[in-house]
Amino acid sequence: MAAPRGPGLFLIPALLGLLGVAWCSLSFGVSRDDDLLLPYPLARRRPSRDCARVRSGSPEQESWPPPPTNPGASHHAAVRTFVSHFEGRAVAGHLTRVADPLRTFSVLEPGGAGGCAQKRRATVEDTAVPAGCRIAQNGGFFRMSTGECLGNVVSDGRLVSSSGGLQNAQFGIRRDGTIVTGYLSEEEVLDPVNPFVQLLSGVVWLIRNGNIYINESQAIECDETQETGSFSKFVNVMSARTAVGHDREGQLILFHADGQTEQRGLNLWEMAEFLRQQDVVNAINLDGGGSATFVLNGTLASYPSDHCQDNMWRCPRQVSTVVCVHEPRCQPPDCSGHGTCVDGHCECTSHFWRGEACSELDCGPSNCSQHGLCTETGCHCDAGWTGSNCSEECPLGWYGPGCQRPCQCEHQCSCDPQTGNCSISQVRQCLQPTEATPRAGELASFTRTTWLALTLTLIFLLLISTGVNVSLFLGSRAERNRHLDGDYVYHPLQEVNGEALTAEKEHMEETSNPFKD
């Protein structure tokens, strides 16, 4: 009895198909670009705001704030594969949810940096593998004949292509993590305050704030006839499709559906409704048809619609920009040159750099006390101020920025702490140019001079005193000698009873008057 062959036989075509795709990638290389799905003519550029009929008072874009930063949260993207039925036909594809898109999502130029300037085309695999993409899809539209990137393209903070204000649906992420969807003026694209770090252009805004927005997009982006038919046909024809958007949690959404123009796949209405049911809030349509490609971990994971050079096989098309999901990266990757990127978050290396990108100078709550400028080395104080936070006025004898200059005033005049001008109207006095207080050598010199002056003064006073004493001594001696050489008067002692005094008195009278009777 023969062994059952059913399950094994069903695997053979699938394996052959995968081998065929792999062989095409390795051997045949370039596709024939035969599944074209173009929204506009190739030869005509539309002017800015062409046919725009925006409702009065309604903003032309939606901004979604970034989710709260959670360094410990998982950054793994969730890829879901679906096979769903639309109008009785089965459609297979992928829907990817990406957490923390500011750090895990990038718009890549074809073949790497410089691809748009050089008008290169490359397969999604060739662009995604060197960039380390875990998940990658084709991105924006391009000119098939020249490879020119169309619309706005900002790749990792670099504006590499500008639409000049041409109105097509845009999807971008600003430096602070805000997700922007909709229509942008040229000034908004070039905004220097909160610039875009990732931005690309699509065609047709599929979902706006949870509602399908295709009709409004057709009015804004115009209905023009082109090589593959009208803009209406571009919207309504079934084909392979790709899209990018976000959900209510701020997660980025990538959508891919296999198909072939007019044979299998989805139209834009079906894709928009499918995304709306997946809680997508805003989304735009990206390049589809033969460009639609999905790469997982560096390997083609979709079924291209373009034929290889050998019509037996299908080959991925060489496209333009690529949307890439990678391991968490810092924005900017070098943390503005002031930090180290660790698991998608910048750890600032300086004491004064702060912020998600280490790009904000912070010198503390006092902010240099409004008397200085905060720099990466701390506060640089204005003239007349000093201290770590510029809160102290210059000490006496110093002036200028940070009080680094000594005053040059003479005669102890005042010195302006800001300009250094000498003015007698100032209350404070200038000190010596070198220091605000005398140095040890100056103190020693001052002490020696003082003691010398005091010593000389004392010696002088001592000499004067000695001279005066000698003069007095000599004068006293001369007076004494004069009394010894001349007459003297005898004064007898007085008796107690007075008799001797009377007799002596009478004797003296007789002696003094010899002519008395």
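Every residue gets a Cβ built from N, Cα and C, even glycine.
Per Swiss-Prot, signal peptide is recorded for 1-25.
Summarising the annotation, Swiss-Prot assigns region 'Disordered' to 49-75.
Annotation comment: Swiss-Prot describes 50-453 as topological domain 'Lumenal', evidence class sequence analysis.
Taking Cβ-Cβ distances under 8 Å and a sequence gap of 6 or more within the same chain, Asn215 (N-linked glycosylation site) has no neighbours at all. Swiss-Prot lists Asn215 (among others) with the feature N-linked glycosylation site, giving sequence analysis as the kind of evidence.
In the three-state DSSP scheme, Asn297 (N-linked glycosylation site) falls into the coil class. Annotation source Swiss-Prot lists N-linked glycosylation site at Asn297 (among others), citing sequence analysis.
Across the domain 'EGF-like' (359-391), DSSP classifies residues as 4 helix, 13 strand, 16 coil. Annotated domain 'EGF-like' per Swiss-Prot: 359-391, in sequence order.
A 10 Å cutoff on Cβ-Cβ distances gives Asn367 (N-linked glycosylation site) a total of 16 other Cβ atoms nearby, all chains included. Summarising the annotation, Swiss-Prot assigns N-linked glycosylation site to Asn367 (among others) and lists sequence analysis as the type of evidence.
Here Swiss-Prot flags Asn389 (among others) as N-linked glycosylation site.
Among the features that Swiss-Prot reports, N-linked glycosylation site is placed at Asn421 (among others), with the record citing sequence analysis. Note on Asn421 (N-linked glycosylation site): other Cβ atoms within 10 Å of its Cβ, all shown chains, come to 14. According to its DSSP assignment, Asn421 (N-linked glycosylation site) is coil.
The annotation transmembrane segment is assigned in Swiss-Prot to 454-474.
The topological domain 'Cytoplasmic' annotation in Swiss-Prot covers 475-517 and rests on sequence analysis.
If you take every residue in the region 'Mediates the interaction with AP4M1' (488-495) and average the pLDDT, you get 51. Per Swiss-Prot, region 'Mediates the interaction with AP4M1' is recorded for 488-495.
Positions annotated as motif 'NPF internalization motif' by Swiss-Prot: 511-515.
Cα distances from Asn297 (N-linked glycosylation site) to the glycosylation sites Asn367, Asn389, Asn421 are smallest for Asn367. Long-range Cβ proximity for Asn389 (N-linked glycosylation site), meaning a same-chain Cβ under 8 A and a gap of 6 or more residues, is found for Cys363, Gly364, Ser366, Cys368, Ser369, Gly372, Cys379. Distance between Cα atoms for Asn367 (N-linked glycosylation site) and Asn421 (N-linked glycosylation site): 28 Å, as a whole number.
In three-state terms derived from DSSP, Asn215 (N-linked glycosylation site) belongs to a helical segment.
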